[in-house]
Ligand SMILES: N[C@H](CCC[C@H](N)C(=O)O)C(=O)O
């Protein structure tokens, strides 16, 4: 199998051009290639496919083989791949995902994509649509209001959580201590598998630096800690605005880099701008 290794702010995936390759047993292949000792090493596997409803299709799998419905860092790299490798010469493209069709604007420097702005669409706040089982928090399961700053006890500590879907489920909590010192590997898995989240959850731990800047670490569903999470950064920007901690435009500092996110008032869409990097290409016998 021919592949290309790419990352968005250090959130790295193995990309396969499925307009040319066919992948057997995709979930097992995702597990195999993601292994950082016995495989290529990545946060997961992303297939780039032709589409009859958009310019291209992105099909994304986490490192544990579970299928993701959307990937913000991944879709920026898909855009870079298709332009840099000559599959398109358009600088505005559409990519179909399991969470709908996304529109991307490419910044080209010296003939290659350096930055991508993604229209991530509208956040979903109705608990049952995230999905979140609100009754676990003592709220009505058919609640339609967003879950914002509700207390949840994890390993003896109470966290105020806000729940947002960007096509995939996110639980956001703002904490006082520096997230870079936070025991993420102990606490992340407890959130991920909590009964509150029937489809598991991606969890973001946030410091508010000021009204325009946030610092973030993330424990991803199906991949563990990653250096960045694009859908997570978008969910965080919405959560931070809903909690009154920031305005609608924020710079988010992640372990692997920065993402600019705007939660647009007029369209209620979230726009994310960030880099996309190609590291190397290779071939692996499956
Ligand atoms: N782990 C996520 C998919 C990858 C999201 C993340 N890497 C991003 O950049 O959005 C999920 O299962 O919902």
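The backbone N, Cα and C atoms fix where each Cβ goes, and this holds for glycine too.
The following features are taken from TrEMBL:
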- 71: active site, proton donor (ACT_SITE)
- 71: active site (ACT_SITE)
- 229: active site, proton acceptor (ACT_SITE)
- 11, 62, 72, 73, 168, 202, 220, 221, 230, 231: substrate binding site (BINDING)
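Taking the features listed in TrEMBL, we show where each one sits on the structure.
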residue : record                       : CB count, 10 Å
11      : substrate binding site       : 30
71      : active site, proton donor    : 29
72      : substrate binding site       : 29
168     : substrate binding site       : 27
220     : substrate binding site       : 29
229     : active site, proton acceptor : 35
230     : substrate binding site       : 27
Given the recorded substrate site (11, 62, 72, 73, 168, 202, 220, 221, 230, 231), which additional residues of the same chain have their Cβ within 8 Å of the Cβ centre, ordered by sequence?
68, 70, 71, 74, 218, 223, 226, 229, 232
I'd like to know which of the binding-site residues 168, 220, 230 sit within 10 A of the residue listed as 'active site, proton donor' at the Cα level.
168, 230
Pairwise over 11, 62, 72, 73, 168, 202, 220, 221, 230, 231, annotated as binding substrate, what's the top Cα to Cα distance to the nearest Å?
16
Once the DSSP letters are reduced so that anything not helix or strand counts as coil, what is residue 11 (substrate binding site)?
strand
Work out how many Å separate residue 229 (active site, proton acceptor) and residue 72 (substrate binding site) at their Cα atoms, rounded off.
7
